[in-house]
Amino acid sequence: MIEIDGSFGEGGGQILRTSLTLSVITGKPFRIFNIRANRPNPGLQRQHLWAVKAMKMISNAETKGDEVGSKELIFVPHEIKGNTNIDIDVGTAGSVTLIIQTVLPAIINKNVRIRIKGGTDVPKSPTIDYIRLVYLEILRKIGIEAKLNLIKRGHYPEGGGEVIIENVNGNPSAFSLLELGKLTIIKGISHVSSLPAHIAERQMNSAREILSKLGVPIEIQTDVRQGEVSKGSGIALAAIGEKSIIGADSLGERGKRAEIVGEEAARILIDNLNTKASVDIHMSDMLMIFASLYGGEYIGAELTSHAYTNMEIIKKFLDIKIDVSGKRPFRFKAKIF
């Protein structure tokens, strides 16, 4: 059984999520201890438990220690169950997108349909529009297709969002994403839920003003939804090059003007573009598991503590070599074979 110290590296939930994904894919059981030991609320929290429960349902796994506050978990997966529907409710504003990242690599070509309820646009995780505009589009470039249906948005703290992920199929193989290529267009989605529509317009216009100096077409849509459980706003942007995509997002909050939200996302996007990387900070982390499974190389905008921790966890499950050139927290090249 693979032993994992949950306090290693950044010491957060990413260690657990990566372990769950690779355990289900490889069939290797693991024991993780010191879960989130150095965090303000140590041990498993509700949203971490739903990642465990989701992967448990997918693989008919045996578990021990899967309860709120537990600092140790044993996870023994069995064969992945295909042709099935799974419902996951992470509660209030638990992150839907972190669940998507955990389950998606394990359900490729398995005909699994997953309905996830919780927070679609919440702090400390990619927004659902980032997932749609950037994450899924980059996966398409490496041979993985997925259908994501956004039914309801959920913001912190009430949540109430709902998405369905299905038709995750493909024939992924070794890939090389070493440059963005010529920038062709910037796409985006500016949204509001149960708030005045002009907020989405102001976010969009603010971002557009800053991005106009890049000299490429800008297509930002607005998504205005009234009657949602939670109130909130945000914007996600995708700079689409001939070979890859760079993304960024920003969320509104009480007291934060809509213009600041749009400006923030635009400046983050430009900062990532200026690194000359092939993928942004979010994808620098998220692409690593796919490069590890299929072989791949890419240039990430920043070698974060998440990415570094991911490398070490991945090597516990897979017999691979990870060659990284670059120093934290700067641009880096990852080659995995």
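Heads up, the Cβ atoms here are built off N, Cα and C, so glycines get one too.
DSSP assigns Q101 (ATP binding site) to a helix. If you take the C-beta of Q101 (ATP binding site) and look for same-chain residues 6 or more apart in sequence within under 8 angstroms, you find R17, Y135, M286. Residues annotated as ATP binding site in Swiss-Prot: Q101, H282, M283, S284, D285.
What Swiss-Prot lists as active site, tele-AMP-histidine intermediate is H306. H306 (active site, tele-AMP-histidine intermediate) falls within a helix when secondary structure is assigned with DSSP.
Around H306 (active site, tele-AMP-histidine intermediate), the same-chain residues at least 6 positions away in sequence with a Cβ under 8 Å from its Cβ are E10, G12, Q14, D285. Comment: ATP site residues Q101, H282, M283, S284, D285; largest CA to CA distance 13 Å, whole number. The record gives Q101, H282, M283, S284, D285 for ATP. Within 8 Å of the mean position of their Cβ atoms, the other Cβ atoms in that chain belong to P126, Y135, V279, D280, I281, M286, L287, M288, H306, A307. Around the Cβ of S284 (ATP binding site), the number of neighbouring Cβ atoms within 10 Å comes to 26.
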